[in-house]
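Pulled from TrEMBL, these are the features on record:
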type	residues	note
BINDING	16, 112	Mg(2+) binding site
DOMAIN	15-137	domain 'PIN'
């Protein structure tokens, strides 16, 4: 077996939503096995995979709307995914974890959850007419 490479020097590959869905859901015939093998290579240091924000959003949408997964299951699965070795995210992992918590516990849509988490991480207020921003601990809503 090859020695794991340094993730900073390794060629990075972006992953599409369908790869993540096959990995998490396990359907799609041999695609599921190929997706599992890819993530196994990543966790063993043979691959470096980049998960972009747009794919993250689409994954949540597909799991919730098409597969009818509940927020708790989605948050749990995606939190485990972003914490895997060999996975890099565009948004800081801690910020995504906070957004997943907001999404799951506060019951808000993903857009508001990620805005709140990014605002909290940057210590920035949020302009919004939505009262639910007042529920996020550490997030200040500004009124017009």
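Glycine too: its Cβ is placed from the backbone N, Cα and C atoms.
What you are looking at is a predicted structure, and each value in this text was computed from that prediction instead of being measured.
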Counts of helix, strand and coil residues, the domain 'PIN' (15-137), according to DSSP: 81 helix, 9 strand, 33 coil
Fewest other C-beta atoms within 10 angstroms, as judged across 16, 112, which are the binding-site residues: 16
